[in-house]
Amino acid sequence: MLRNVLGKTFRFLGYTVQYGCVAHCAFEYLGGIVVCSGPSMEPTIQNSDIVFSENLSRHFYCIRKGDIVIVKSPNDPKSNICKRVIGLEGDKVCTSNPSDFLKSHSYVPKGHVWLEGDNLRNSTDSRCYGPVPYGLIRGRICFKIWPLNDFGFLRASPNGHRFLDD
């Protein structure tokens with residue numbers, strides 16, 4: 001009887017480890033569901049919206065300008081942030097705030113991206129902490145899941161004028 005109980009226990013533990021590994025790989029490499037909080041991406045993503053983030057793009061270096069990404073926060077590595085990619089390495093970006101009279105520009109260094117929230121007046125982004133290393137990108141948001149009346153792919157940036165093509 002003890003042998004039977006031990007056998008069932010070890011089988012259960014074996015299956016748990018196997019399914020745990022499969023789940024880890026799925027969430028790490030394929031993607032997952034993310035609840036967004038904060039006003040920095042309004043009006044594209046509202047507070048408490050639920051989105052799907054895929055992780056393959058970051059592994060294959062397929063992140064492009066205009067993509068919305070989930071990134072480890074440069075200020076707090078325990079938290080993630082959601083921002084739009086404004087510039088890739090080598091791109092010229094506007095580093096000043098929209099209200100600044102004189103505009104300043106800079107180039108994004110190799111291995112980095114420039115991130116900004118869609119709500120420029122209420123966003124802590126690369127204008128505050130500078131370019132972000134590509135390695136901090138966790139995934140690219142594909143579409144919105146919740147609320148259902150907004151289900152689907154995300155709209156273009158309301159700040160398209162900030163994308164420079166010099």
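Glycine is treated like the rest: Cβ placed from N, Cα and C.
What TrEMBL says about a protein is an automatic prediction, not a curated fact.
Annotation source TrEMBL lists active site at Ser40, Lys83. What TrEMBL lists as domain 'Peptidase S26' is 17-97, 104-146.
Across the residues of the domain 'Peptidase S26' (104-146), the predicted structure has a mean pLDDT of 88.
Cα spacing between Lys83 (active site) and Ser40 (active site): 8 Å, rounded to the nearest whole number. The most densely surrounded of the active-site residues Ser40, Lys83 is Lys83 (count of other Cβ atoms within 10 A of its Cβ). DSSP places the residues of the domain 'Peptidase S26' (104-146) in helix, strand and coil in these numbers: 10 helix, 20 strand, 13 coil. Broken down with DSSP, the domain 'Peptidase S26' (17-97) shows 18 helix, 27 strand, 36 coil.
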